[in-house]
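Enquirer: First, the structure itself, so that you have it in front of you.
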There are 2 protein chains.
Amino acid sequence: MELWFTEHHTEHVKFSMKVKEQLVNKQSDFQHIAVLDTEEFGRVLTLDGYLMVTEKDEFIYHDMIVHVPMATNLNIKKVLVIGAGDGGTIRELTRYPGIEHIDMVEIDPMVVETCKEYIPQTACSLEDKRVHIYYEDGLKFVRRMRDEYDLIIVDSTDPFGPGEGLFTKEFYGNCYNALNDKGILVNQHESTYYDEYVEAMKRAHQRIKETFAIAKVYQAHIPTYPSGHWLFGFASKHYDPEKDLDVEQWNALGIKTKYYNTKLHLGAFALPNYVKEQLSEYE
Amino acid sequence: MELWFTEHHTEHVKFSMKVKEQLVNKQSDFQHIAVLDTEEFGRVLTLDGYLMVTEKDEFIYHDMIVHVPMATNLNIKKVLVIGAGDGGTIRELTRYPGIEHIDMVEIDPMVVETCKEYIPQTACSLEDKRVHIYYEDGLKFVRRMRDEYDLIIVDSTDPFGPGEGLFTKEFYGNCYNALNDKGILVNQHESTYYDEYVEAMKRAHQRIKETFAIAKVYQAHIPTYPSGHWLFGFASKHYDPEKDLDVEQWNALGIKTKYYNTKLHLGAFALPNYVKEQLSEYE
């Protein structure tokens with residue numbers, strides 16, 4: 001039997017992967033959840049039909065969303081993670097002995113349960129005793145926090161569906177308040193290659209720039225995301241991810257990574273001209 | 001009507017684009033040639049069914065194969081280009097007033113004729129008076145040259161079909177001899193994400209390293225190539241593309257680029273750990 005999962009990257013572009021077996025196919029209170037076992041990418045999580053995580057390339061996304069802020073400030077002790085139900089971001093964070101406390105706020109418990117059962121590669125560290133999981137709306141959670149965190153990671157879905165509120169000015173303002181005076185906010189920032197993503201990406205960047213003293217964008221090669229050219233936002237009240245990168249100290253930690261290294265950390269902020277132009281258009 | 005062009009990136013991964021119209025569908029002495037007018041990517045050239053060039057993202061490939069060596073040695077005057085029938089590499093080279101002479105060796109005249117007629121976006125500078133086109137086998141052409149060029153660009157198809165010989169040790173040795181004592185060789189270097197490409201890529205790099213004093217690999221985000229993470233090889237008898245990059249002088253030229261800039265030039269050599277490991281495995 002030929003079974004294929006196809007995602008439309010735009011109305012006119014499709015990306016398809018051969019499926020061995022569909023392992024999960026269910027509806028939560030928030031979204032449709034599926035897990036596919038694929039030939040090329042191992043197990044794959046989809047939400048509302050959109051590819052979220054694959055076993056083959058999740059290391060790229062999780063390396064880049066975690067190690068870039070951590071190598072910029074090695075004194076991070078208290079972290080808030082919003083979304084991230086697959087657990088990959090938590091797995092990378094728990095590799096830092098200096099982190100004392102991680103709050104994870106995920107709206108959909110069924111995503112976490114599903115990943116624990118079917119994608120242990122990412123969900124393997126959710127039982128770490130420093131991790132505190134709250135099943136609630138990240139927007140509401142962050143609104144009641146003041147001066148609390150060294151780092152907030154917004155590991156969200158796309159800016160439509162359940163993740164939509166995580167791309168608003170109000171949300172970024174609440175994150176600002178929830179961070180202490182040296183706090184860092186990192187978020188997944190969509191892409192710029194296909195027109196469908198550009199506007200959301202530009203709007204998000206503009207709103208973050210209006211809120212934080214430092215707001216930069218960095219990139220990674222994530223083959224299973226639309227265009228393969230994915231962006232992350234780095235915003236901070238104090239730290240500059242290029243100037244404050246602590247090469248020696250980070251390497252002294254001995255954290256073995258498959259994608260990230262400190263040279264690549266700096267290279268990731270070297271954006272193509274067309275991306276730089278898009279990011280500056282609202283300025 | 002729904003008309004889709006599909007390329008298999010691996011046996012288990014497909015990339016598809018919606019086609020407005022097939023403009024060219026013919027067989028040359030060397031390969032099948034098609035031009036498609038697509039909704040998302042504009043006009044697209046395929047050879048033997050493999051996507052070569054799209055109007056939407058050709059600027060990335062051509063920026064990176066030309067401006068990286070040029071910004072490393074701004075005194076380049078004589079260039080040999082092998083392959084490159086679409087003309088995009090020539091277009092970027094002709095923007096440098098310091099270049100005096102370009103030999104282009106393309107095995108298949110029908111590719112050049114087709115691109116001149118259907119993809120003028122890339123083929124627009126082939127009539128430049130510095131450009132000398134030879135319709136012959138690049139392997140044979142380079143074999144009879146000694147100490148002739150400042151730069152050789154191998155803008156080849158994949159290491160199977162007509163382009164196969166352009167990935168051999170003998171060919172790299174002949175390029176070495178055809179270059180003068182400060183000569184640079186740049187080639188398209190495939191990718192590392194899918195297993196199908198890794199071996200050819202590793203083998204090519206190993207052969208180049210055995211031939212040239214300096215051999216580095218750099219990367220770009222090319223959305224329509226398999227995995228979107230594409231590599232180029234930089235080899236040289238003298239110049240180091242990171243240490244010898246002349247930021248001020250290149251920017252003084254005022255060449256406007258949509259992808260390349262001198263910060264990105266350096267960032268492109270910051271490879272992910274898994275790519276670095278693959279490249280060093282044969283060492």
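Using the three backbone atoms N, Cα and C, a Cβ is placed for every residue, glycine included.
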Enquirer: In TrEMBL, A:H62, A:D155, A:S156, A:T157, A:D158 are given as binding spermidine, so which of A:D37, A:D86, A:D137, A:D181 is in that site too?
Expert: A:D86
Enquirer: A:Q22, A:Q27, A:Q31, A:Q249: which one does TrEMBL list with A:E106, A:D137, A:G138, A:P162 for the S-methyl-5'-thioadenosine site?
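Expert: So, going by the record in TrEMBL, that would be A:Q31.
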Enquirer: Does DSSP put A:G138 (S-methyl-5'-thioadenosine binding site) in a helix, in a strand, or in coil?
Expert: helix
Enquirer: If you measure A:T157 (spermidine binding site) to A:G138 (S-methyl-5'-thioadenosine binding site) at Cα, how many Å is it?
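Expert: Spelling it out, the Cα of A:T157 (spermidine binding site) and the Cα of A:G138 (S-methyl-5'-thioadenosine binding site) are 12 Å apart.
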Enquirer: Can you check what DSSP calls A:P162 (S-methyl-5'-thioadenosine binding site), collapsed to helix, strand or coil?
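Expert: Assignment for A:P162 (S-methyl-5'-thioadenosine binding site) reads helix.
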Enquirer: Under DSSP, is A:D155 (active site, proton acceptor) part of a helix or a strand, or is it coil?
Expert: strand
Enquirer: What subset of the binding-site residues A:Q31, A:D137, A:P162 lies within 10 angstroms of A:S156 (spermidine binding site), using C-alpha positions?
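Expert: Hits: A:P162.
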Enquirer: So which other residues, same chain and not among A:Q31, A:E106, A:D137, A:G138, A:P162, have a Cβ within 8 Å of the centroid of the Cβ atoms at the S-methyl-5'-thioadenosine site?
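Expert: In sequence order, the nearby non-listed residues are A:F30, A:G83, A:I107, A:D108, A:G163.
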